[in-house]
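A.B. asks: What follows is a single structure, and I will ask about it in a moment.
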Amino acid sequence: MILPLIFLCCVFHLVSAQLRVGFYNSTCPQAETIVRQAVQKQFNSDRSITAALLRMHFHDCFVRGCDASILIKSTKSKQSERSAGPNQTVRGFELIDNIKKNIETSCPSTVSCTDIITLATRDAVALAGGPTYDIATGRRDGLVSNAADVNLPGPSFTVPQALQSFTNKGLSLNDMVTLLGAHTVGVAHCNFFQNRLSPVPDNTMDPTLAAQLLKTCSKSTATTFLDQNTSFTVDNQFFRQIMLKKGILKIDQELTLDKSSASIVSGFASNENTFRQSFANAMIKMASIDILVGRAGEIRKNCGVFNPPNQKGRKVL
């Protein structure tokens, strides 16, 4: 049965209303501080953690919603999302596990792994020079994680193809362009854009950049920054770069070529404050995709493993 759009919107707002800023203020008041301190420590030694957490958060929310299903480890009998091809290069699991361990010591079975990912990503964005924003908490952890469910928008998508993936999650064209702006701190393996370099160079890429990347990608394991200018800073330079034909991935460059998205790109490129506000809003919106609240799902004690059946914090389905 196809539900009317107005009904789906009402359900979204009803569920989102069960989240609130400071959800753990009375049950685990130190939770957000524990997350922030751990992310700060990691960032001090590895600034790429911002890109890692942004990718983890996106990959989690776009499969079954924001429910920390990406954290579940595979077993001999069952392959989880974590083992799916697109997630093979996702990083940051150890950081989330460490945060969860520290929080469990203070507040057992209280703070969800889903909220830890959400808060850690928010803090990493701020540390990288991006916008600071309040994010509501109160999400619960999912009970399902299947590798076969992972179907994410790809690096060679056109704008219409990518937009379909985003609209399926209740996100708009502006949200999509904004969230792809997270590539301002990302890296890509050469196999994701090799076809733009050879055998015939893509004429939508700056030829000097293409020649440089061809040399870089002579090593099969090589990677390159998606923003060749301010690679560890969350800013609007990514949009300025793609306007100069310096987009690494096809989908990034396509944003400037498609009439529907080109004006959004130019707006972000010319006004960083506009991008910062839009980025904060889009991150808040993405973090509410298909979330579990109330008594749904569970609060995992170990982010990589489902709680045993009938354990406190788990709803038995």
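Each residue's number is its place along the chain shown, starting with 1.
Heads up, the Cβ atoms here are built off N, Cα and C, so glycines get one too.
Checked TrEMBL, it gives:
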- 1-17: signal peptide (SIGNAL)
- 18-307: domain 'Plant heme peroxidase family profile' (DOMAIN)
- C28-C107: disulfide bond (DISULFID)
- R55: site 'Transition state stabilizer' (SITE)
- H59: active site, proton acceptor (ACT_SITE)
- D60, V63, G65, D67, S69, E81: Ca(2+) 1 binding site (BINDING)
- C61-C66: disulfide bond (DISULFID)
- C113-C303: disulfide bond (DISULFID)
- P153: substrate binding site (BINDING)
- H183: heme b binding site (BINDING)
- T184, D227, T230, D235: Ca(2+) 2 binding site (BINDING)
- C190-C217: disulfide bond (DISULFID)
A.B. asks: Given the Ca(2+) 2 site residues T184, D227, T230, D235, which other residues of that chain have a Cβ within 8 Å of the mean position of their Cβ atoms, reported in sequence order?
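C.D. replies: For the Ca(2+) 2 site the neighbour list reads V185, N229, S231, F232, T233, V234, N236, Q237, F238, Q241.
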A.B. asks: Take the mean position of the Cβ atoms of D60, V63, G65, D67, S69, E81, the recorded Ca(2+) 1 site. Which other residues of that chain put their Cβ within 8 Å of it?
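C.D. replies: Here the nearby residues are H59, C61, F62, R64, C66, A68, I70, G142, S145, D149.
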A.B. asks: How big is the Cα-to-Cα gap, in Å, between V63 (Ca(2+) 1 binding site) and C217 (disulfide bond)?
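C.D. replies: Per the Cα atoms, V63 (Ca(2+) 1 binding site) and C217 (disulfide bond) stand 30 Å apart.
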A.B. asks: Using the alpha carbons only, what distance in Å do you get between S69 (Ca(2+) 1 binding site) and C303 (disulfide bond) once rounded?
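C.D. replies: Each residue's Cα considered, S69 (Ca(2+) 1 binding site) and C303 (disulfide bond) end up 9 Å apart.
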A.B. asks: Non-local Cβ contacts of G65 (Ca(2+) 1 binding site) (under 8 Å, 6 or more apart, same chain)?
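C.D. replies: For G65 (Ca(2+) 1 binding site), the qualifying residues are G142, I289, D290, I291, L292.
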A.B. asks: Taking just the CA atoms, what is the gap between D60 (Ca(2+) 1 binding site) and D235 (Ca(2+) 2 binding site) in Å?
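C.D. replies: Cα to Cα, D60 (Ca(2+) 1 binding site) and D235 (Ca(2+) 2 binding site) are separated by 23 Å.
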A.B. asks: Going by C-alpha distance, which of the recorded positions R55, C66, H183, C190, T230 is nearest to C303 (disulfide bond)?
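C.D. replies: Comparing Cα positions, the candidate nearest C303 (disulfide bond) turns out to be C66.
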A.B. asks: Spatially speaking, which of the binding-site residues H183, T184, D227, T230, D235 is closest to C66 (disulfide bond)? Use C-alpha to C-alpha, please.
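C.D. replies: For C66 (disulfide bond), the closest Cα among H183, T184, D227, T230, D235 is found at H183.
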A.B. asks: Rounded to a whole number, how many Å is the Cα of C113 (disulfide bond) away from the Cα of E81 (Ca(2+) 1 binding site)?
C.D. replies: 15
A.B. asks: Compute the C-alpha separation of T184 (Ca(2+) 2 binding site) from C107 (disulfide bond), stating it in Å without decimals.
C.D. replies: 35
A.B. asks: Under 8 Å Cβ to Cβ from H183 (heme b binding site), same chain, six or more residues apart: give me those in sequence order, or none if nothing qualifies.
C.D. replies: L226, D227, F238, I248, L249, D252
A.B. asks: Distance between C28 (disulfide bond) and D67 (Ca(2+) 1 binding site) at the Cα atoms, whole Å?
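C.D. replies: Approximately 20 Å lies between the Cα of C28 (disulfide bond) and that of D67 (Ca(2+) 1 binding site).
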A.B. asks: If you count other C-beta atoms within 10 angstroms, which of the binding-site residues S69, T184, T230 is the most crowded?
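C.D. replies: Of the binding-site residues S69, T184, T230, the highest Cβ count within 10 Å belongs to T184.
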A.B. asks: Spatially speaking, which of the recorded positions R55, C190, D235 is closest to the residue listed as 'substrate binding site'? Use C-alpha to C-alpha, please.
C.D. replies: R55
